[in-house]
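Have a look at the structure below before the remarks.
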Amino acid sequence: MQIKLANPRGFCAGVDRAIEIVNRALEVFGPPIYVRHEVVHNKFVVEDLRNRGAIFVEELDQVPDDVIVIFSAHGVSQAVRQEAAGRGLKVFDATCPLVTKVHIEVAKYSRDGRECILIGHEGHPEVEGTMGQYDASNGGAIYLVEDEEDVANLQVRDPNHLAFVTQTTLSMDDTSRVIDALRARFPNIGGPRKDDICYATQNRQDAVKQLAGESDVVLVVGSPNSSNSNRLRELAERMGTPAYLIDGAEDMQRGWFDQTARIGITAGASAPEVLVRGVIEQLKAWGATGAEELDGREENITFSMPKELRVRSLI
């Protein structure tokens, strides 16, 4: 069995920044540090931070007064921000800057009284945060659609004063079809010059398509609640290649690889490389040889840290 590795894979700049914000807050202020929602959707990362003193909660009413709170990479609604400010909580915002970009777009449509359509998955924390940027008091409204059927059933007030945005971690192919359906039904709809799916999502989806074409089975390292990891598994399957979403090596079954010559491995944007290495070691123990890194797109994007958490230079 030969191992092939997708490139790029694993951590993106937004995830790197979010995890580093929690790490630095623990170093600078000491535990406990409260984090609203899992800072990123990866069990290994969350457990590591929990062991170091991070306390993960779903709502601010679970947070005591006079503590530090971090908002997760997925972003939060304006109502959550207002609640934190009203209580005087010290907040560090780990929202991915590319999610913040979508928030800014939605807030602008809200101020203009322009109806907005969000393409995304109901119940995902990023979607909840983005929907929560819209203030309907200016006369507009925001709607959530997931597929072409939702578009066909959607009723808006003014089809000539309408715009769309997207969740950042969707399937590019699926989203393109939904956007086409929106433009066909609402010819005057506005939107971003380029859809809001982030660079890392695009790059990892392109890479898994290449990987699936060169593999007999694909392993996607990522947690079940990770949107972008699930999209990678779906893409591989659409390419006709069996694919499995795994948290790590312990989730693998030896029988998956019977009569298999080529095993492809990728990782979602919130999965650390140490988990990929663990998968490789287990496969080698089962007889796999080598680990060929496929050619891919280089990523050199970084996002700045909050000023109070930046590492000071030693003089």
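Any Cβ shown, glycine's included, is placed from N, Cα and C.
What you are looking at is a predicted structure, and each value in this text was computed from that prediction instead of being measured.
As annotated by Swiss-Prot, [4Fe-4S] cluster binding site applies to C12, C96, C198, with the evidence given as sequence analysis. Neighbour list (C198 ([4Fe-4S] cluster binding site), Cβ cut-off 8 Å, at least 6 residues apart, same chain): C12, G14, C96, L98, T168, T169.
What Swiss-Prot records for H41, H74, H124, T168, S226, S227, N228, S270 is (2E)-4-hydroxy-3-methylbut-2-enyl diphosphate binding site. According to DSSP, T168 ((2E)-4-hydroxy-3-methylbut-2-enyl diphosphate binding site) is assigned to coil rather than to any helix or strand.
The dimethylallyl diphosphate binding site annotation in Swiss-Prot covers H41, H74, H124, S226, S227, N228, S270 and rests on sequence analysis. When secondary structure is read from DSSP and collapsed to three states, H41 ((2E)-4-hydroxy-3-methylbut-2-enyl diphosphate binding site) falls in the coil class. Its Cβ taken as reference, H41 ((2E)-4-hydroxy-3-methylbut-2-enyl diphosphate binding site) is surrounded by 29 other Cβ atoms within 10 Å in the chains shown.
Taken from Swiss-Prot, the feature isopentenyl diphosphate binding site applies to H41, H74, H124, S226, S227, N228, S270, supported by sequence analysis.
Secondary structure at E126 (active site, proton donor), taken from DSSP and collapsed to helix, strand or coil, is helix. Annotation source Swiss-Prot lists active site, proton donor at E126.
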List of residues, in chain order, with Cβ under 8 A from that of S226 ((2E)-4-hydroxy-3-methylbut-2-enyl diphosphate binding site) and at least 6 apart: H41, N42, G268, A269, S270, A271
C198 ([4Fe-4S] cluster binding site) in three-state DSSP notation: coil
Pairwise CA distance, S227 ((2E)-4-hydroxy-3-methylbut-2-enyl diphosphate binding site) versus E126 (active site, proton donor), rounded so that it is a whole Å: 10
Residues within 8 Å of the H41, H74, H124, S226, S227, N228, S270 Cβ centre (excluding the dimethylallyl diphosphate site residues themselves): V40, E126, T169, N225, S229, G268, A269
Chain-mates of C12, C96, C198 with C-beta within 8 Å of site centroid, [4Fe-4S] cluster: A13, G14, V15, A73, P97, L98, V99, T168, T169, Y199, A200, T201, A269
